[in-house]
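Asks: First the structure, then my questions, so here it is.
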Amino acid sequence: MPPSGTEVGMIRNFCIIAHIDHGKSTLADRLLEATQTLARNQMSTAQVLDDMDLERERGITIKSHAVQMIYKSSDGKEYTLNLIDTPGHVDFSYEVSRSLAACEGALLVVDATQGVEAQTIANLYLAIEAGLEIIPVINKIDLPSSDVEGVARQIIDLIGVNRDEILQVSAKAGIGIGELMEAIVQRIPAPADNRQLPLRALIFDSVFDAYRGAVAYIRIVDGVLKKDDKVRFFANGKEFYADEIGTMSLKRQPKNVLEAGNVGYLICSIKDVKDAKVGDTVTLVENPASERLAGYKDVKPMVFSGLYPVESNDFENLRESLEKLSLNDASLVYTPETSAALGFGFRCGFLGLLHMEIIQERLEREYGVNIITTVPNVEYRVVMTSGETVEVDNPSQMPESTKVNWIEEPYVSMQIITMSEYIGNIMKLGMDRRGEYKNTDYLDTSRVSMHFEFPLGEVVFDFHDKLKSISKGYASMDYEYIGYRRSDLVKLDVLLNGEPVDALSSIVHRSKSYEWGRKLCSKLKGIIPRQMYEVAIQAAIGSRVIARETISAMRKNVLAKCYGGDISRKRKLIEKQKEGKKRMKQVGRVEVPQEAFLAVLNIDE
């Protein structure tokens, strides 16, 4: 078959692996400049590939992006470089693994002032598993605080390369970019020439376009895809016509043919991003491939939280906003739920804490919806006395303790990288959070990698913030899910004057329930306003109350108008006031202010 377009041997597909803030998006800007994909004066925005406001502000990449560049090498040949930009954060590790599967090589970018971090190592292992050629790059060498040789030693210990294979660049100042471009062309292998095989294309990302429907970013692994071909998606068996195909250089460039080795996009009037799942394989209806590409899995949410509008008439607005967000984010799961305290809202499932924060922030920023979030929970498995297993992600669904045989909770294996002087602090945090310490490896004289196993429920809360504060910002963490284990968990209810408040209940470990209950009651005492009658705040497990605080009643002085006079007259007035308060207490409902629900989220402060 005659080659059309670029020869497969002239294509290089690569990605950049880096920790948050190590300069990945800035380096991508320099590569775009060096290949004249963008002139410097067009760089109105730094970090061209991070096109969401939130991505720029937090300095993170949330979605995968792809861009094609043409590079004229020193040997006079023209190469097509496809840079696939990957998210760096632990919550998005499945998206990262799919982006890596679309590449043949990876640039491992490490900050010369910070050294190797936990998420870099996690993504590096994914890249090595995918069989990628790794080019180590030390960035920010022009900063006065950089320690190039120290960082180079860490990289050599980590992946066993020679010192002369490690490149030194400064993305901001544009130092060393020429050598980097040559290394990409020389060291990263070309894709395999599988044009004669049946079509198999890997979807490594999908975005939603209001006019065109879902746009799938694809890497053609085998075969050839032509415009107007009829294609089938493996995950759901649905068939579509390829209305438009093409390559991505900052804007979409329509083409008539995409061949094995190419990276591009596919538009075929798909209404829902959930039909173009990340990791799925696309093949032709006429001459289909017999099996899909390896590595596809359905992403399961790990963290659950209730989202409620602050104004109850904003419910429809919240529903529409979630629908729009989920068009672009196939990993967001939500179902409507009601709460006696908060009214109508949604139970949402997220990949992890960062994902949850991003969704909340995007709802407030892009859609203008003010929301209250309930305590984040994980999914527990409850084995009933009858033998059946129930999955519970909301404390209010927890069955009565008499019917429960045992409860299992998800565990994660965590790697924490930090300076050696903070080991003691981190060990203490690990023990406080029911962590199981495994081992410590020294990366060099001053940095260590510590391994723990934690219940996910202890990590989703505020673990990352605590870790940063006890290590003065130096520690970084990465975790992966390892399965369910049996635990002694109880449901802790909060009662106001004997009435349970569903939005304040939580599932905690029995050993921590007393302390948690005490803290929660005293925190609520400071937040719930005083009433005309006494309010009892109780924390209870089942029918047993384990902690109590009392908000005393506001009292009017009924004796103020009695000057002297008979004691029985005074007693009568006081008794009458008591009666009134008793009646008030029976009919009165304690209004729980919104701060009370937020108080549960930061109970240690």
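Keep in mind that glycine also has a Cβ here, set from the backbone N, Cα and C atoms.
Residues annotated as domain 'tr-type G' in Swiss-Prot: 9-192. Feature annotation from Swiss-Prot assigns GTP binding site to ASP21, HIS22, GLY23, LYS24, SER25, THR26, ASN139, LYS140, ILE141, ASP142.
Locate each feature and note its surroundings.
Replies: The secondary structure of ASN139 (GTP binding site), as reduced to three states from DSSP, is extended strand.
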Asks: Including all protein chains shown, what's the count of other C-beta atoms within 10 A of the C-beta of ASN139 (GTP binding site)?
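Replies: Result for ASN139 (GTP binding site): 29 neighbouring Cβ atoms inside 10 Å.
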Asks: On the three-state reduction of DSSP, what should I expect for GLY23 (GTP binding site)?
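Replies: Coil, per DSSP.
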Asks: For GLY23 (GTP binding site), what is the tally of other C-beta atoms lying within 10 angstroms of its C-beta?
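Replies: Around GLY23 (GTP binding site), other Cβ atoms within 10 Å: 24.
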Asks: Near the Cβ of SER25 (GTP binding site), how many other Cβ atoms are there if near means within 10 Å?
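Replies: The answer is 24 other Cβ atoms.
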Asks: Which site among ASP21, ILE141 has the most other CB atoms no more than 10 Å from its CB, taking these as binding-site residues?
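Replies: For the binding-site residues ASP21, ILE141, the Cβ with the most other Cβ atoms within 10 Å is ILE141.
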Asks: What average pLDDT does the predicted model assign to the domain 'tr-type G' (9-192)?
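Replies: Across the domain 'tr-type G' (9-192), the average pLDDT comes out at 76.
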